């Protein structure tokens, strides 16, 4: 694409006043599109006077007539598409020729066809605005009916959406479920369950140093009795009692706390002789790990230590779980428990203790409740964006005032949300709660293209027809809005590769909505802008200049002529004050030697802090963060973390294949592997439970030969009669073959997400290295797997998305140096956002992973425009190139960031972590993106 030097300076075209009346439509075949129109010679009468569809549009002054100005840069041609305004003098070589004399890289293969296609589309939109306005609205009305499929009562599956797809723990669970059974009605054991059961949990915290006192235990006993006395009256009048839905052991409800049960059975129990973590009570071994918290231990007594103090106690009420009526009745009792537990605290007038509570349903119920908290915020965000758009596009003269166009641009973004969400719900893409973040982002991002189109419209000639002005606008913005849309959509669609379904669904919804935004901007919004152009024509005719030398307006027209009390020149574009600020103040200041030194120093501090922060980021989603801040589950998890963090879950060590347990060598190999587990820093070796060890003792005590196969197998039934729970740890076939069995180890010191991940990786590594085929499993591993998967997924997505951005930049902005600077900016912003997440207490989880993917797209947008404007500049020095790039693009980059921040800023007031996190990271992305686009990249470019 080349520029005609004769057409660069619009002021060199005298006599334009004698042209057609403003807004008059060109008649005859020359006014419409035609295959031969591109070969016709173009008149040099004035800017923008060529008829559609000329291949080389008449260049306009590179001035900013409105906010959101998009400079008229030939992205692929490596040239500027016009001359600066008169107030910006050029060097002699450029002012005479209009373009740089240096050879440029010409790649019209993508830019030119796209620009021609948009020119034709603009002509059609300008010719038939009502069609292009109404058809998208009809489409929105049709697709919007899909919103009736928004989930209302349906529960969101937290495990399905927020844990990795195909994680090892899910395969391990399937193995356990297929090879081991359990019995909630007679022999309940929580450590032997493969899935989470129905339960209610109360943590009791003593107001004194220890609850091992008679008066304190009496209050705890009152709480326990009151909970077990709760009953639910169903609609048919029948009652659901606790002892009807509780899990049982040998016909009785499993005690909520074995120590409390022992004290209630024997009030004279000696509380001074209790040992921890193993307590022998009437010949029965009781494990107190995770039952008592905040313990202070004394002298050693065998495998345990004397318990001196205990600050907290856990009361656990296990209920029947499974399919069918029993589980439904259990859930009904739990809901009643949640409704009544607050009243119990008041009615019992507790003085010695404080209680916090939680149930197996709480996480789900509280998570769903958080979605309701953002609905009022959406309305506020919508209002703020409209006010920002109106303020940015407001002008005091009625011709150039675009406040209503800007307001409709926001409405267009809302239409895109309705259309996209309706389509996705029709297709059947699940609506998860984090998708509720998407409209806030779309409101901020979706209006960026609107600002660019308004700016391009402001640069068109008022004397041209609407069709000509629309075709010029579309040809100028074609590559700009297309490349930003493509990069943002690619950034989101790469998120579909992740292993987390919640991230997949969010990226599908948001990427599709951005596509609808693009479509509605070039159809619906463009049509509204064309109709507003007709309003300009009417207004301009009414405000014709008076026949007086000073061109003063009449008193009636004064309100429309503010603030200058005179009409603007029809051929002259505005220069926005912000563009002058970047040209006359910010650019020269930034390119001074002192400023460059300071900027480099700031960047070094930034990158060092960011890298340090990257190593401090915690991985994984803390499940307490799925609820709102004022939820009752928050104090529960706080107490659990403070007093019950010493011990972790009880982990199964499973022998997955048939083994000759009667063979001494096989037992020795298995024992060696189990000892390796016990020697881990994450295992309390004194709390291991293994049926084979107990069975060998049993055989030796009865003087049986443990190495004889027949004797070994024949005595197992008698052994499990004495120790019935071991019945569920041995899988013996009808042919008397032990195809699998399991042991249990007690984890410890795994309160942090890092330790959970290291423990899980270590256990699986030990199982793999063992000569005996082993597997480790606990139901919590389903969630622990996210700690190892989240980093891998994030790195993969960032690499793939960054590679896609690099390829796109090479294709549509084909300047190698520019592409390298874009890639550098993307990497630098990602490092900064990730590092500062740690300083702002944001974990690397599925929610923040979404934002890092978003980060890539925005980093590209901010840096690509600035760096390409620099390399495309024909200015003689690097400082002048930088100043010109900032003059042309500083304000639109700043405006884009501000509009996005406004769109998500209301989420900072949300009570839920998942929404606040979205705001925090988007704020970091915008701030660091703008800092790179307006400060770091411009300065660094001057060094090369």
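Just so it is clear, glycine is given a Cβ too, placed from its N, Cα and C backbone atoms.
Keep in mind that TrEMBL annotations are predicted by a computer and have not been checked by a curator.
Sequence annotations record features per position, and here TrEMBL assigns region 'Disordered' to 1-105. Summarising the annotation, TrEMBL assigns compositional bias 'Low complexity' to 9-26, 43-53. Per TrEMBL, transmembrane segment is recorded for 369-391, 403-427, 433-457, 477-496, 508-531, 819-840, 852-871, 891-914, 921-941. Positions annotated as domain 'SSD' by TrEMBL: 374-531.
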Top partner of the transmembrane segment (891-914) among 403-427, 433-457, 819-840, 852-871 - counted as Cβ pairs under 8 Å: 433-457
Average model confidence [pLDDT] within the domain 'SSD' (374-531): 84
Residues from the same chain, set at least six apart from the ends of the transmembrane segment (921-941), whose C-beta lies under 8 A from its own: 441, 586, 590-591, 595-596, 599-600, 603, 821, 825, 828-829, 832-833, 836-837, 840, 842, 848, 851-852, 854-855, 858-859, 861-863, 865-867, 870, 878, 881-882, 885-886, 890, 893-894, 897, 900-901, 904-905, 908
Contacting positions for the transmembrane segment (508-531) when only residues 6+ beyond its ends and CB under 8 Å are counted: 118, 121-122, 125-126, 129-133, 135-137, 405, 408-409, 412-413, 415-417, 419-421, 423-424, 429, 431, 435, 438, 441-442, 445-446, 449-450, 453-454, 457, 466, 470, 473-474, 481-482, 485, 488-489, 492-493, 495-496
Same-chain residue ranges lying at least 6 outside the transmembrane segment (477-496) that approach it to Cβ under 8 Å: 70, 75-76, 110-111, 114-115, 117-119, 445, 448-449, 452-453, 456, 503-504, 506-508, 510-511, 514-515, 517-518, 521-522, 797, 800-801, 804-805, 808, 812-813, 849-850, 853-854, 856-858, 860-861, 864
Other parts of the chain folded back onto the transmembrane segment (852-871), taken as Cβ under 8 Å at six or more residues beyond its ends: 71, 73, 75, 78, 441, 483-484, 487-488, 490-492, 494-495, 503, 507, 794, 797-798, 801-802, 805, 808-809, 813, 815, 817-818, 821-822, 824-826, 829-830, 833-834, 881-882, 884-886, 888-889, 892-893, 896-897, 900, 921-922, 925-926, 929-930, 932-934, 937-938, 941
